[in-house]
Structure formats: structure tokens, C-alpha cells
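Taking it in order: structure first as C-alpha cells, then the write-up.
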Amino acid sequence: MEGCRETEVTNGSNGGLEFNPMKEYMILSSGQQIAVAVLCTLMGLLSALENMAVLYIILSSRRLRRKPSYLFISSLAGADFLASVIFACNFVIFHVFHGVDSNAIFLLKIGSVTMTFTASVGSLLLTAVDRYLCLCYPPTYKALVTRGRALVALCVMWVLSALISYLPLMGWTCCPSPCSELFPLIPNDYLLGWLLFIAILFSGIIYTYGYVLWKAHRHVATLAEHQDRQVPGIARMRLDVRLAKTLGLVLAVLLICWFPALALMGHSLVTTLSDQVKEAFAFCSMLCLVNSMVNPIIYALRSGEIRSAAQHCLIGWKKYLQGLGPEGKEEGPRSSVTETEADVKTT
């Protein structure tokens, strides 16, 4: 793609004909536009509702919102909620309705999409680190991961995500650098830098969860040596198998949802893309929306404490609607440890 081109909302004139360079990126056929509109609308709505429900459950529970683990999960839900709304709306407006904005507005939109997805991956990394500390340092976990430190980590992560994502809006555009084959006004060197940053985040997630699984395996092996006659084999392997299933699911979802789009972004840096590849990238991009839709199930709905808080909320709303007031019973049994800590203790 050639260098800087003017894409202001007021189209230029070339021999009396309207000229809009943005149309070079609007390559979907009518059938593909319908598919994109339907898929983005349905997945965006479902993902937004799921993540909004998780946010409400955590923030409405005084017990949950005080725990660092659930602060990280609420950050993930917030990022995925914003990603669902911002990405779905802007993606449909651009590819289906061919909406064209001024350079600044367009860069603001694409920066917002980038920020929400970057913050989502950053929240996944903080959640992975939290689980690592919880499993590997259970006696000192509460002293290491306080609510204040969790909030500081989240603030740093969100500020860094915003700073990196809005660099094009602050002037890092393809003028005169070569423009990306996939994103208008975005230079290839910025795209390369963002890909490297995301690769670092994913490497941190994979390494952290891999180390957690290895540590759990050693923990189970140690128990087996000291309690071979007292602890049945199935019970000894319970933590190992449970963590392996959970971490396998986490990594499989990340790989399926993110790798196709990231691979095509990297491919665009070294070669010229055909329209067919660009069309494939448009649909691969929607897999990131699938990730935002699946995250609440993996990280929130599988948590016993969140399910208990959700049940309490439903009981409260039911009584409220029946005219009995919002007061209900106390939230489920109080626990001073997170789900991961409980797994370690039962093993």
C-alpha cells in the first residue's frame, strides 16, 4: 500500500468523480456484508450481555469486589464489554454501511478498538499472574496481592494499553511510511510494534500457566511420596487433571480466536495481500469477538463464588419483583481464599 493519502470526510474530486481511498479497504461482497452484519450483531450483543452480567454480579457483591482475583476478572469483563460494543459497531459501520469519517475520528475509533482488545489480553495476563501467585505462594498470597496493589496493576495496564493504542491518533500514521494492507492510515512499523507487544503478553500468559501446571504436578508428586498409603491415586491427581483441563481450555481458546488474525497481520507486513486474503482477515477478526464472548464462561461462570453471588442476585430481584423488597439472604458461604486456593487446600 502506498504512503499517506487524504481520507477526509469531504471526498476529493478527480475529473468530477468522487474519490475515496478508504474504499480500497471495503472489499466485502454483498453476501459477505450480510454475514458480517448478522454475525457481528448477534455475537456483539451476546458478548456484551454476558460481560455486563459478570460486571454487575462482581460489583454488586461487597465480598467479591474486595478480592483482587475478582478485580482482575471484572477488568477482563469490562474490557470485553467495551470491545464487543465498539468493535461490532465500528466493524459493521465500516464494512457494511461504508461509513467514512475524518482522519482523526477514524483513528479514534480504531484506537478504541485496539485499546479494548489490548486491555482484554492484559487482563488475561494479570489473571494468570494472580493464579500463579495464589498457587505457588499460598501462605503469603494475601500479603503479596492486596486490593491496592491489584488496582495499581490494573491502572498501569489500562494506561499502557491506551497509550500504545492511541499512538496513531497522536501522530504515528503512514505519512510518509507505507500504509498497512489491512488498516487505513496505520503504518506497517506501528503494526509490527503492536504485534510484538501482543506477542509478549501472550508469551507471558502461556509461560505463567505452563509454570502453574508444572508446579501443580510437582505438588501432587510430593504429596504422593509422603502420603502414598493415605491418599488415593485419583485424589492425588485431581489437582493435576483439573488444572490441565482448565489451562488447556484457556490456551486453546486463545490460539483459535487470536492466531488467525495475528498471523494474517504478520503476513501483511512482508507481502502484498489479495482481496481474498483481506476478506478472510475480516472474518478472522471476528474470532477476537468470539474470545470476548467465551471469556466470561471460562473465567467467571465456572467460579463457584460468582455462581453463588449470581444466585443471590436472582433471589433478590425475584423478591423485589414480587413486592417483597430487595433484601435476601446472605450471599453464599464466605470464603477467605480464591477458587485456586481452595483447590490446593482440598488436595
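Any Cβ shown, glycine's included, is placed from N, Cα and C.
Copied from Swiss-Prot, the annotated features are:
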CARBOHYD  N11  N-linked glycosylation site
MOD_RES   S335  phosphoserine
MOD_RES   S336  phosphoserine
MOD_RES   T338  phosphothreonine
REGION    326-347  region 'Disordered'
TOPO_DOM  1-33  topological domain 'Extracellular'
TOPO_DOM  60-71  topological domain 'Cytoplasmic'
TOPO_DOM  93-104  topological domain 'Extracellular'
TOPO_DOM  130-149  topological domain 'Cytoplasmic'
TOPO_DOM  173-188  topological domain 'Extracellular'
TOPO_DOM  215-246  topological domain 'Cytoplasmic'
TOPO_DOM  268-279  topological domain 'Extracellular'
TOPO_DOM  302-347  topological domain 'Cytoplasmic'
TRANSMEM  34-59  transmembrane segment
TRANSMEM  72-92  transmembrane segment
TRANSMEM  105-129  transmembrane segment
TRANSMEM  150-172  transmembrane segment
TRANSMEM  189-214  transmembrane segment
TRANSMEM  247-267  transmembrane segment
TRANSMEM  280-301  transmembrane segment
Open item on the list: Could you check whether the transmembrane segment (72-92) packs against the transmembrane segment (189-214) - three or more CB pairs closer than 8 Å, residues at least 6 apart in sequence?
Closed with: no
TODO: State the non-local partners of the transmembrane segment (280-301) in its own chain: residues 6+ outside its ends, Cβ under 8 Å from one of its Cβ atoms.
DONE: 27-28, 32, 35-36, 39-40, 43-44, 46-47, 50-51, 53-54, 57-58, 73, 76-77, 80-81, 83-84, 87-88, 91, 95, 117, 120, 124, 127, 182, 246, 249-250, 253-254, 256-258, 260-261, 264-265, 268, 273, 307
TODO: Summarise the model confidence on the topological domain 'Extracellular' (1-33) as a single mean pLDDT, whole number.
DONE: 61
Task: Tally of residues which DSSP labels helix, strand or coil - the topological domain 'Extracellular' (93-104) - done: 5 helix, 0 strand, 7 coil
- [ ] Report, as numbers and ranges, which residues of the same chain sit near the topological domain 'Extracellular' (268-279): CB under 8 Å and 6 or more residues beyond its ends.
- [x] 25, 27-29, 32, 180-182, 188, 191-192, 195
